[in-house]
Amino acid sequence: MRWINPIKKTAILLICCVTALHICLPGLRASAMFTPTFDLQSKAAILYSTDTREVLYAKNQDEKMMPGALVNLMTALICVENNQDLAGTQVTVKGSLFDAFVDYSYPSDLRYGEIYRGDVFTLEELLYAMLLTSSCEASVVIADEIGHGSVPGFVAMMNLKAEEIGMKNTHFTNPDGRYNEYQVTTAGDMLLMMQYIQEHASKVLEIARTASYSPQIRTQENHQNGTLTWSHANIMMDEESRFYYKGAAGLKTATLQEYGRNIMVDAARDGHHYLVILMQSPIYNENKENTYYHLQDAAAVLDWAFGHFNYEEILSLNEEIAEIPVENAKNENNYVILKPREELVMLWPDTVDRSVVQRIVVKEDSVKAPVQKGQVLGSIELRFGGETLKKVDLIATSDVEQSFVRFNLSAAREFRHSKWMKTALILSIVLTVLYLGVCVYFIRIYPKRTKPIRGLVRDKRKKGTRIRRD
């Protein structure tokens, strides 16, 4: 089958590049998790600062849910990475690709972009249709083109990319977002995908943030008035909508009648840039009325972020954290002050007092001179809500010289209690005991044998020897 080759290529690239990806793709900064003062209707939620790469709020971020048309972002990513001439690649629409939508059980889920059999669009134009309107036609046409005639082959490429990015709780079954109980993801995995797109696929972001787009019409028979405009489904961008939100920039919406609504929206205002991910918002209220809870939740979260979060200094470079006594110091400078090697400035809500941040300082009881300015002598760990915000080295703020006299006196005192002194003492005792033992042994084996003088005289007389007595 023709679609096997791109899958093999993708697999090879995955094996070769996955390590490099983890090096190049910055990880999330350690972040504090705060809780808004209001309730959300959405079952899962994430508030993420794209400026500081901090997750400021998360709710059920690891629970598996259906993405719906949020999968269009992955479809777009695969397309952009596998075609280098989006504006120059023209595709003729195959009518057979729409057969999958004819017998679909939930037709109200489908969104159309007025794309018909025989239409000719560029891949770039099809990306606009898909990301702005959730066009199911554009999704499968893109998948068929990039998958070399196989939509299942394209879906396999989507799953390989998800694995490469680290989306461990995600599995795709189609490129357009139709209801399927086996097509699942999480809000956390969607964030990983968006991080990757922000780093490696700016074209996807450019299109997903566009309010409207008009493609070139090449088949007049399908479009009698000669014009076609695709508008973004996220009406938070529409100034005439009651859900208009200043600073909001598109991205993606999704609706599944048997499941709920999803939305990914980013917004910039007053120097701050946030991304909000909401999943499984109810479609109807308690009176069975169609209610846009996903838009209400998105506006509430963004209001909270813009209205209450500001950059705050949690740890200052000039802050004196501790001091350590210095032994053998010259003159009277017998201590050194410790300060942080680096500061911690992060987004912090005005509803939370910074004094609740726990500080865990680890340092020695004392150090020996000499000490050099900038020498690491400890650390401080900043914790909030059970999570580590950051761990920072503590460094000496000044030099401390060594006193030659104090050093030698200290060395002499320490030698008496050192292991070398103990070893020498034990060894001398052992050698002394051994020596005494050897002496006793030889005394017992070779005693002195002297005869009495009387016996000696008797023996001499027998031989006729004269003995002089004194």
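Including glycine, each Cβ sits where the backbone N, Cα and C put it.
Here is what TrEMBL records for this protein:
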- 1-32: signal peptide (SIGNAL)
- LYS252: substrate binding site (BINDING)
- 309-402: domain 'Peptidase S11 D-Ala-D-Ala carboxypeptidase A C-terminal' (DOMAIN)
- 420-443: transmembrane segment (TRANSMEM)
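Secondary structure by DSSP for the domain 'Peptidase S11 D-Ala-D-Ala carboxypeptidase A C-terminal' (309-402): 3 helix, 56 strand, 35 coil.
In sequence order, ALA69, LEU70, ASN72, LEU73, LEU131, SER134, ALA208, ASN234, ASN262, ILE263, MET264 are the residues of the chain that are 6 or more apart from LYS252 (substrate binding site) and have a CB within less than 8 Å of its CB.
Looking at the domain 'Peptidase S11 D-Ala-D-Ala carboxypeptidase A C-terminal' (309-402) alone, the prediction's average pLDDT is 92.
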